[in-house]
Amino acid sequence: MTVQRKKISLIGAGNIGGTLTHMIALRELGDVVLLDISDGIPQGKALDIAESSPIDGFNVNITGTNRYEDIKNSDAIIITAGIARKPGMSRDDLLQTNAKVMKEVGENIKKYSPNAFVIVVTNPLDAMVSVVHKFSNLPTNMIVGMAGVLDSSRFRYFLASELNISVEDISAFVLGGHGDTMVPLINCASVAGVPLTQIIDMGLITQKKVDEIVERTRNGGKEIVDLLKSGSAYYAPASSAICMLESYLKDKRRILPCAAYLNGEYGVEELFIGVPVIIGKNGIEKILEVKMNDSEQEMFNKSVNSVRELVKSLGS
């Protein structure tokens with residue numbers, strides 16, 4: 001019996017797109033189409049990665065292209081196209097430029113791959129998912145934004161480093177928009193099953209230090225932009241998108257914080273924002289409504305309003 005390999009298209013061949021191509025190949029998740037408007041860049045990266053296959057022992061086809069028709073009938077698409085942040089820029093400074101790119105991407109997904117599961121990575125994330133959704137006409141369960149997985153990973157890493165324990169034993173997640181108003185939920189964080197609030201009571205970490213970690217998580221992307229001086233994070237964002245992709249392709253039904261379309265959940269209407277969802281073979285299979293304390297709810301509402309204003313500023 002012939003097993004048909006999955007077709008995964010990556011739109012944008014920058015640092016994240018190239019890293020994603022390599023990670024997908026190493027995991028043999030499917031054949032890859034790497035698309036970019038820059039002539040030679042996707043072809044060169046695709047060839048470079050393909051030439052490592054005899055060494056690493058992976059069997060996937062990797063195609064670099066500048067033509068949208070090559071994404072036809074993709075099983076999944078990850079969008080990283082657009083300009084990246086530079087020092088001094090906020091994610092929102094990218095809004096108008098990247099919105100034009102997302103419009104073109106959305107229209108081509110509608111034309112060539114209307115049945116794909118789509119993961120958007122381009123910033124400002126929550127607004128860009130809205131633009132792609134608008135122009136692709138995808139069902140809301142088949143389009144999602146990568147933000148919460150990355151923000152939660154940063155939050156967990158910072159907590160583990162401060163506590164000097166394995167990152168594997170930290171469970172925590174971040175809700176809301178992928179920006180300064182994101183909401184790391186201390187209320188739901190735990191260390192090897194023990195609530196973080198109890199860890200604070202035990203004296204293993206102070207509330208002040210946790211508050212500093214929350215703030216560092218909010219500025220996690222900026223910290224890397226400032227260090228790199230030209231470009232933004234790409235290893236952890238790529239890993240985050242892979243985590244979501246695998247849950248879809250392998251029907252893992254993982255609970256992951258992602259920018260999903262809310263239609264009444266959390267009291268929010270018609271907006272993409274970060275919440276915990278179950279991702280399986282049908283895309284977003286369920287949105288989980290987590291109870292927040294008053295201060296978390298207030299922060300979440302502020303985040304919702306911030307994202308809504310950003311989307312509104314794009315106009316019709």
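Glycine is no exception: its Cβ is also placed from the backbone N, Cα and C atoms.
Note on ASN123 (NAD(+) binding site): other Cβ atoms within 10 Å of its Cβ, all shown chains, come to 28. Residues or ranges marked as NAD(+) binding site by Swiss-Prot: GLY12, ALA13, GLY14, ASN15, ILE16, GLY17, ASP36, ASN98, VAL121, THR122, ASN123.
Taken from Swiss-Prot, the feature substrate binding site applies to ARG85, ARG91, ASN123, ARG154, supported by sequence analysis. The Cβ of ARG154 (substrate binding site) lies under 8 Å from the Cβ of ARG216, THR217, GLY220, ALA236, each on the same chain and at least six residues away in sequence.
Residues or ranges marked as active site, proton acceptor in Swiss-Prot: HIS178.
Applying an 8 A CB threshold to same-chain residues 6+ apart, the list for GLY14 (NAD(+) binding site) reads ASP36, THR80, ALA81, ALA84, TYR234. Long-range Cβ contacts of VAL121 (NAD(+) binding site) within its own chain (separation 6+, distance under 8 Å): GLY12, ILE16, ILE78, ILE79, THR80, GLY145, MET146, PRO237, ALA241. GLY14 (NAD(+) binding site) carries neither a helix nor a strand DSSP state and counts as coil. GLY12 (NAD(+) binding site) is surrounded by 26 other CB atoms, counting those within 10 A of its CB over all protein chains shown.
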